[in-house]
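What Swiss-Prot annotates here:
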type     : residues      : note
SIGNAL   : 1-29          : signal peptide
DOMAIN   : 48-165        : domain 'FZ'
DISULFID : Cys53-Cys116  : disulfide bond
DISULFID : Cys63-Cys109  : disulfide bond
DISULFID : Cys100-Cys135 : disulfide bond
DISULFID : Cys124-Cys162 : disulfide bond
DISULFID : Cys128-Cys152 : disulfide bond
DISULFID : Cys181-Cys253 : disulfide bond
DOMAIN   : 181-303       : domain 'NTR'
DISULFID : Cys184-Cys255 : disulfide bond
DISULFID : Cys198-Cys303 : disulfide bond
Amino acid sequence: MRAAAAGGGVRTAALALLLGALHWAPARCEEYDYYGWQAEPLHGRSYSKPPQCLDIPADLPLCHTVGYKRMRLPNLLEHESLAEVKQQASSWLPLLAKRCHSDTQVFLCSLFAPVCLDRPIYPCRSLCEAVRAGCAPLMEAYGFPWPEMLHCHKFPLDNDLCIAVQFGHLPATAPPVTKICAQCEMEHSADGLMEQMCSSDFVVKMRIKEIKIENGDRKLIGAQKKKKLLKPGPLKRKDTKRLVLHMKNGAGCPCPQLDSLAGSFLVMGRKVDGQLLLMAVYRWDKKNKEMKFAVKFMFSYPCSLYYPFFYGAAEPH
């Protein structure tokens, strides 16, 4: 029995059909013996409280608009309290905002805020694979692999009781447009800039001598002089002597900030396996009050306890 949405319906209607299909399923465990897939044991963890259902609160923005109102705890990621769910789920809001796949919210919320039924309903493997195909390249651009907790082999095949792809098969309403490189999408507020600085290992004001294309990436090669380390982080002397930043998957997408290399740039990045990965780049504008404020007060900003996937994922600081 596959949970699938009515093609071409609006988001709420599609999920209503999905949940309607699931609600009639019997709750007795023996009636599920037909389905060959079984959820992996959750690390042998025992829960202090029995499963409960509660309203999805407004301050859980990742899932508050997912299309159903009640969620089950513990969830499918072993979170037992709503406070823990809120903290961990907030890390994924930026990924949702990137719109890397139309089913990102459905997939994530099936784990963080599973629909309230008598038995946990997992996402289908095909749903996981579809979202991973759309979002993993974006995450990799920032040096984050697809996380272990979301490995698709953990989820059931589509012939089992599971949540299938909802919106990924809808026809496109407009011709595809080449997206700006993820690292070149700009924040315009001081808070947004400081969030980016929080999630970056280093922040540098620099000039760019040249850009090279290599294996699908762009390489930004810094000029020898005119570098100012605003947040040195893990950068060593050898890193700064010849500063080379890798823009992952950046060879085939536009980056308006880099159309001209004249002037200085504000760059942010992470050091991963000895390589400097670009996370964000801005043209330096001394008249930009938001940028000046962010640079001046970056160390006063209350950074999240968790690194994000470009400003949110459950990687400890």
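Numbering starts at 1 and runs along the chain as it is shown here.
From the backbone N, Cα and C atoms, a Cβ is placed for every residue, glycine too.
All features noted in Swiss-Prot, drawn onto the structure.
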{"residue": "Cys53", "record": "disulfide bond", "CB count, 10 Å": "13"}
{"residue": "Cys63", "record": "disulfide bond", "CB count, 10 Å": "26"}
{"residue": "Cys100", "record": "disulfide bond", "CB count, 10 Å": "19"}
{"residue": "Cys109", "record": "disulfide bond", "CB count, 10 Å": "28"}
{"residue": "Cys128", "record": "disulfide bond", "CB count, 10 Å": "26"}
{"residue": "Cys152", "record": "disulfide bond", "CB count, 10 Å": "17"}
{"residue": "Cys162", "record": "disulfide bond", "CB count, 10 Å": "25"}
{"residue": "Cys184", "record": "disulfide bond", "CB count, 10 Å": "19"}
{"residue": "Cys255", "record": "disulfide bond", "CB count, 10 Å": "19"}
{"residue": "Cys303", "record": "disulfide bond", "CB count, 10 Å": "14"}
Listed in sequence order, residues with CB under 8 A of Cys116 (disulfide bond) and six or more positions away: Cys53, Leu54, Tyr68, Arg70, Met71, Arg72
Nearest recorded site to Cys109 (disulfide bond) by CA-CA distance, among disulfide-bonded residues Cys184, Cys255, Cys303: Cys303
Site with most surrounding Cβ atoms, counting all protein chains shown within 10 Å, from the disulfide-bonded residues Cys124, Cys135, Cys181, Cys198: Cys124
Three-state secondary structure, which DSSP defines for Cys53 (disulfide bond): strand
PLDDT averaged over every residue in the domain 'NTR' (181-303): 91
Secondary structure content of the domain 'NTR' (181-303), with strand meaning DSSP E or B: 32 helix, 43 strand, 48 coil
Spatially closest candidate among Cys162, Cys253, Cys303, the listed disulfide-bonded residues, to Cys184 (disulfide bond) (Cα to Cα): Cys253
The domain 'FZ' (48-165): DSSP-derived helix, strand, coil residue counts: 47 helix, 12 strand, 59 coil
